[in-house]
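In what follows, a structure is listed as C-alpha cells, so that the remarks can point back to it.
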Amino acid sequence: MNVILMGPPGAGKGTQSELIKKEYSIPHISTGDMFREAVSNGTELGNEAKKYMDEGNLVPDEITIGIVKERLSQPDCQKGFMLDGFPRTKIQAEALDEALKDMNVNIQSVINFSVPKEILLERLPARVTCKDCKSVFNKKFNPSSSGNKCEKCGEELIERDDDKGETVNKRLEVYLEQTNPVLDYYEKQGILYNLDGNRSTEEVFADIQNILGSSK
Ligand code: AMP
C-alpha cells in the first residue's frame, strides 16, 4: 500500500501517520522529519535546509526530490510506504511519478486533510513533539498525560521554532500558493480523498480506514 498524506501544517498529518503506521505496518516518510534530523546532526544537507526552514520557505525541489528517491530505494519501502509532507510542489509530484514508474509501483490514495486557517493558527503554537519517538501532542487540544514528557516513551517534548510567530503565517501562505495546486494534480488522477481534519483524531482515523481498507 502506497499512500500520500496532504494538508496544511497543523492539519493532523503527523498524528494520523502514527496510527496508519501502526495499523498498516508501512514506513512513515516525512520530509520535514528528515530535514529536522539533518539539521540536528549538523550535516551539509541540514545546514542548507535550515536556511529555508527558518524562513518558512520550501527547501528547493532538487534537494527534496533527491532525499525522497534515496529513501524510497530502501528495502523497507518495498512492502509499501506513506509519504507525509511530500510532494509539496507540482515539480515534486511529477518527479515522484517518474521515480515510481521506475520502481514499477503506483500511489493508491492521496488523503488530504482540510482544516480552517483560524484553527491551524490556534493549533500550531501549542504543538509539541517527542524528541525521541516523534509522537505529536498539543498542549491545548491533545496534551500528553505525562505533562512535559512524552506519554509513550517518557522523553522530553519540544516545540518547533517554525510553529511560532511570523513563520507560521509564511508556511500557510506557501502551502496555499505552492502545495494546493498539487491537489488538482491528484484529483485529475482520481486518487484524491478529501477529509474534514477539524474533528477528533478517532473520527478522522475511522475515515482513513474506510479509504485504505482492512489491514488484515
Ligand atoms: P513539515 O514538518 O512537513 O511541516 O516541514 C517542515 C519544513 O521542512 C517545511 O516548512 C519546509 O521548509 C521543509 N520541507 C518539508 N517537506 C518539504 C518538501 N516536500 N519540499 C520542500 N520543503 C520541505
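Using the three backbone atoms N, Cα and C, a Cβ is placed for every residue, glycine included.
For Gly10, Ala11, Gly12, Lys13, Gly14, Thr15, Arg127, Val136, Phe137, Arg199, the entry in TrEMBL reads ATP binding site. Residues annotated as AMP binding site in TrEMBL: Thr31, Arg36, Asn57, Leu58, Val59, Gly85, Phe86, Pro87, Arg88, Gln92, Arg160, Arg171. Under the heading Zn(2+) binding site, TrEMBL lists Cys130, Cys133, Cys150, Cys153. TrEMBL lists 127-162 with the feature domain 'Adenylate kinase active site lid'. What TrEMBL records for 30-59 is region 'NMP'. The region 'LID' annotation in TrEMBL covers 126-163.
Distribution of TrEMBL features across the structure.
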{"residue": "Gly10", "record": "ATP binding site", "Cβ neighbours (10 Å)": "26"}
{"residue": "Gly14", "record": "ATP binding site", "Cβ neighbours (10 Å)": "21"}
{"residue": "Asn57", "record": "AMP binding site", "Cβ neighbours (10 Å)": "15"}
{"residue": "Phe86", "record": "AMP binding site", "Cβ neighbours (10 Å)": "24"}
{"residue": "Arg88", "record": "AMP binding site", "Cβ neighbours (10 Å)": "20"}
{"residue": "Cys130", "record": "Zn(2+) binding site", "Cβ neighbours (10 Å)": "20"}
{"residue": "Cys133", "record": "Zn(2+) binding site", "Cβ neighbours (10 Å)": "12"}
{"residue": "Cys150", "record": "Zn(2+) binding site", "Cβ neighbours (10 Å)": "24"}
{"residue": "Cys153", "record": "Zn(2+) binding site", "Cβ neighbours (10 Å)": "13"}
{"residue": "Arg160", "record": "AMP binding site", "Cβ neighbours (10 Å)": "17"}
**OP:** Work through the binding-site residues one by one (Thr31, Phe86, Arg127, Arg160) and name whichever has its CA nearest to the CA of Cys150 (Zn(2+) binding site).
**Re:** Arg127
Subject >> Alpha-carbon spacing, Cys130 (Zn(2+) binding site) to Thr31 (AMP binding site), which is rounded to whole Å >> reply: 17
**OP:** Go through the binding-site residues Phe86, Cys130, Cys150, Arg160 and pull out the ones with a Cβ less than 6 angstroms from some atom of ligand 1.
**Re:** Phe86
**OP:** Take every residue in the region 'NMP' (30-59), average their pLDDT values, and give the whole-number result.
**Re:** 96
**OP:** Count the residues of the region 'NMP' (30-59) that DSSP assigns to helix (H, G, I), to strand (E, B) and to coil, and report the three numbers in that order.
**Re:** 21 helix, 1 strand, 8 coil
Subject >> Number of Cβ atoms other than its own within 10 Å, given for Arg127 (ATP binding site) >> reply: 22
Original post:
Going by DSSP, how much of the domain 'Adenylate kinase active site lid' (127-162) is helix, how much is strand and how much is coil, in residues?
Top reply: 2 helix, 12 strand, 22 coil
Original post:
Which residues in the same chain, at least 6 apart in sequence, have a Cβ under 8 Å from the Cβ of Gly12 (ATP binding site)?
Top reply: Phe113, Val115, Gly197, Thr201, Val204
Subject >> Cys130, Cys133, Cys150, Cys153 excluded, remaining Cβ within 8 Å of their centroid (Zn(2+)) >> reply: Lys131, Asp132, Lys134, Ser135, Glu151, Lys152, Gly154, Glu155, Leu157
